[in-house]
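Participant: Take a look at the following structure, please.
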Amino acid sequence: MDFQGSIPTYIYDIDYSMSAPCQKVNVKQIAAQLLPPLYSLVFIFGFVGNMMVFLILISCKKLKSMTDIYLFNLAISDLLFLLTLPFWAHYAANEWVFGNIMCKLFTGIYHIGYFGGIFFIILLTIDRYLAIVHAVFAIKARTVNFGVITSVVTWVVAVFVSLPEIIFMRSQKEGSHYTCSPHFLHIQYRFWKHFQTLKMVILSLILPLLVMVICYSGILNTLFRCRNEKKRHRAVRLIFAIMIVYFLFWTPYNIVLLLTTFQEYFGLNNCSSSNRLDQAMQVTETLGMTHCCLNPVIYAFVGEKFRNYLSVFFRKHIVKRFCKHCSIFQQVNPDRVSSVYTRSTGEQEVSTGL
């Protein structure tokens, strides 16, 4: 498959898009050995972390704020994305054996989860901006109802931008094996290939970073007027960590994606360069996937409020079930945890929202 998009990239034996057929047996062999264990690790760690966020929000926090709504939907997006990885891992090691319907279904789930995760990260960034920079306005604007409405709209947008991948993906026999790959009419191939790549780069890198720069610049300006220097320094460090982590995890993939799609314009449309780009795609794509493992840490567990709920959940559901005589760990007062953090000022958002 010589089309490069956000679907996990599997390279087959020959690339016919070159002027002369390009043998890619070695690239496929490396993918078969490298990708399944990496995808498995991403699936395990990402599933555990996001499932913990999901369960805590349902059982402890009860989705009482707009932030909770967005965190809940971010966890769902990451879980949808992650649930497809075992199938892509099998595909990387073998061939596509799940049929055409499942090819389209898993492609759709993968992309909807992928774009949904990006969009909810953007909404969380805007939510923090409103809470800290426009604290008085945020009291009226940041409601559960508004969070639900914007979440529904976000899912609709995520489905819409995923439609081209769902429509064009098809399972068919190519040579001696079955593939799950996009199939365009020959006259449309170049247009859709460029369109998909530019859509990916704009939605997954340029737009999120633009929103982060604008919102976090406003937040930093407000934080520098905060009287509590300790909270200010902690919040500033977290802001830079969020931006740097997102940039480091997704920029390499998007750069390689651009180079691969427009390789003829960079003088890279030869077999050796194509093979190196394919190998780089495998590494950078997996690196980008691991970002969903960090979302629970960056957007949930880093907050003091959420860590208290995690402690309550652990004691109530884990310790109580597996250590019935450990009474010291079961002395939990959930009401106290929820009542400690009821203030809604800008400074409180600095300490708990960030």
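Quick reminder: no glycine exception, Cβ is built from N, Cα and C everywhere.
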Participant: When the topology given in Swiss-Prot is taken at face value, are Ala131 and Asn228 found on one and the same side of the membrane?
Facilitator: yes
Participant: Tell me, from Cys103, Cys215, Cys226, which cysteine Swiss-Prot puts in a disulphide with Cys180.
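Facilitator: Of the candidates Cys103, Cys215, Cys226, the one Swiss-Prot pairs with Cys180 is Cys103.
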Participant: Look at each of the disulfide-bonded residues, Cys103, Cys180, Cys271, and point out the one with the fewest other Cβ atoms around it within 10 Å.
Facilitator: Cys271
Participant: Under a Cβ pair cut-off of under 8 Å, which of the recorded stretches 71-91, 144-168, 201-220, 238-262 contacts the transmembrane segment (280-303) most often?
Facilitator: 238-262
Participant: Return only the integer: C-alpha distance in Å from Cys103 (disulfide bond) to Cys271 (disulfide bond).
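Facilitator: Rounded to a whole number, the Cα-Cα distance is 28 Å.
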Participant: Which stretch from 33-60, 71-91, 105-126, 144-168, 238-262 shares the most C-beta pairs under 8 Å with the transmembrane segment (201-220)?
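Facilitator: Selected stretch: 238-262, with the most Cβ pairs under 8 Å.
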Participant: Mind checking how the topological domain 'Extracellular' (263-279) divides into helix, strand and coil residues in DSSP?
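Facilitator: Output for the topological domain 'Extracellular' (263-279) reads 13 helix, 0 strand, 4 coil.
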Participant: Where DSSP helix means H, G or I and strand means E or B, what are the helix, strand and coil counts for the topological domain 'Cytoplasmic' (127-143)?
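Facilitator: For that range the per-state counts are 14 helix, 0 strand, 3 coil.
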